[in-house]
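According to Swiss-Prot, the protein carries these features:
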| type | residues | note |
| --- | --- | --- |
| MOD_RES | Thr65 | phosphothreonine |
| DOMAIN | 76-356 | domain 'Protein kinase' |
| BINDING | Leu82, Gly83, Lys84, Gly85, Gly86, Phe87, Gly88, Arg89, Val90, Lys104 | ATP binding site |
| MOD_RES | Tyr152 | phosphotyrosine |
| ACT_SITE | Asp205 | active site, proton acceptor |
| MOD_RES | Thr245 | phosphothreonine |
| MOD_RES | Tyr253 | phosphotyrosine |
Amino acid sequence: MHFPLVSAWNKRRRSKSYDTDPCTFLFSIIFARWHKRVYRTAECWQIEDQASQPRKRRFGSSVYTLKEMEEATSSFSDENLLGKGGFGRVYQGTLKTGEVVAIKKMDLPTFKKADGEREFRVEVDILSRLDHPNLVSLIGYCADGKHRFLVYEYMQNGNLQDHLNGIKEAKISWPIRLRIALGAAKGLAYLHSSSSVGIPIVHRDFKSTNVLLDSNYNAKISDFGLAKLMPEGKDTCVTARVLGTFGYFDPEYTSTGKLTLQSDIYAFGVVLLELLTGRRAVDLTQGPNEQNLVLQVRNILNDRKKLRKVIDVELPRNSYSMEAITMFADLASRCIRIESKERPSVMDCVKELQLIIYTNSKGGLGGTIPTFRRL
């Protein structure tokens with residue numbers, strides 16, 4: 001299998017990165033061993049005379065011009081605005097082919113430009129090599145002068161958090177929540193299995209806003225700007241900075257700086273709690289002792305009587321069985337254990353969620369018996 005080289009941007013930064021982030025050093029070595037090509041200059045990311053150039057592709061992703069991005073979004077009209085994030089805004093757009101897409105416009109203050117550029121490079125480098133039904137597809141990108149855009153497949157039902165406690169009026173049912181959890185677990189399993197690029201990938205920013213839903217509520221993981229390739233033959237990566245989102249941080253990672261695949265499992269467990277309770281991972285509108293979801297429910301997940309009190313009140317009682325709820329809560333409780341070695345693997349999560357779906361469906365409470373097959 002052919003694996004493309006990491007961007008020249010990494011080479012320009014490697015003299016600094018090696019001192020602060022051993023993973024970046026190992027990452028470069030691994031890819032250099034796969035390739036004998038030399039690094040191209042960073043300017044190769046930009047498109048010279050874009051208006052007159054034919055469509056180019058990088059690793060299977062289309063390259064677009066700034067003009068095409070403006071035309072696709074009606075000059076970034078507020079009517080096409082889908083949402084805002086830490087590194088810019090996301091717009092709905094329509095390409096010349098008629099395809100509806102989501103376009104992330106990277107828009108950063110000067111002091112954050114280096115971080116934004118890094119995330120842009122990582123996302124294009126990694127996501128354009130991945131292919132799985134539970135990962136959002138990168139259609140293309142634009143690197144025109146100082147402008148940076150990422151073009152994704154359009155996900156009609158937005159992100160998971162909006163359906164649980166956000167702007168979406170219709171709340172998703174328990175069987176659909178189980179299916180979403182299973183789909184997300186399969187996406188993580190693909191990343192962790194090393195089948196995509198030869199070595200495992202840690203997402204590092206798994207959360208409910210990064211679980212997108214298509215028209216049939218199939219889950220797809222998005223936003224790979226903080227993703228890390230694990231060092232070859234290693235299960236731990238020491239990083240200089242702890243990156244991610246508050247509320248989803250692996251406690252072991254924050255205290256030691258050691259990033260592992262199990263860091264994603266902790267975040268996955270937090271999302272399971274969101275699916276179960278309908279609450280946010282962190283809710284700053286609540287009192288100081290009620291803001292953090294994990295701290296609120298950790299000690300009652302294995303108490304069947306108390307567990308009933310935290311089940312999302314939006315869930316119809318006839319949509320779930322307490323047996324399935326109990327199994328689901330038990331899985332979540334093991335995912336959020338303090339010590340990473342005590343957490344289940346992502347494949348264990350996949351298998352248990354398949355069993356939970358089957359258990360819930362036995363009582364005729366929605367859903368179908370899942371097909372047990374290899375990912």
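Quick reminder: no glycine exception, Cβ is built from N, Cα and C everywhere.
Taking a C-beta cut-off of under 8 Å and a sequence gap of six or more, Tyr253 (phosphotyrosine) has these contacts in its own chain: Val242, Gly244, Leu259, Thr260, Ser263, Tyr266. Secondary structure at Leu82 (ATP binding site), taken from DSSP and collapsed to helix, strand or coil, is strand. For the binding-site residues Leu82, Lys84, Gly88, Val90, a Cα to Cα distance of within 10 angstroms from Thr245 (phosphothreonine) holds for none.
A strand conformation is recorded for Tyr152 (phosphotyrosine) in the three-state DSSP classification. Counting in whole angstrom, Lys84 (ATP binding site) lies 15 from Tyr152 (phosphotyrosine) by their C-alpha atoms. The secondary structure of Val90 (ATP binding site), as reduced to three states from DSSP, is extended strand. Under DSSP, Tyr253 (phosphotyrosine) is assigned to a helix (H, G or I) in the three-state scheme. Sequence-distant contacts of Leu82 (ATP binding site), defined as residues of its own chain at least six apart whose C-beta falls under 8 angstroms from its C-beta, comprise Val90, Tyr91, Gln92, Ala102, Gly158.
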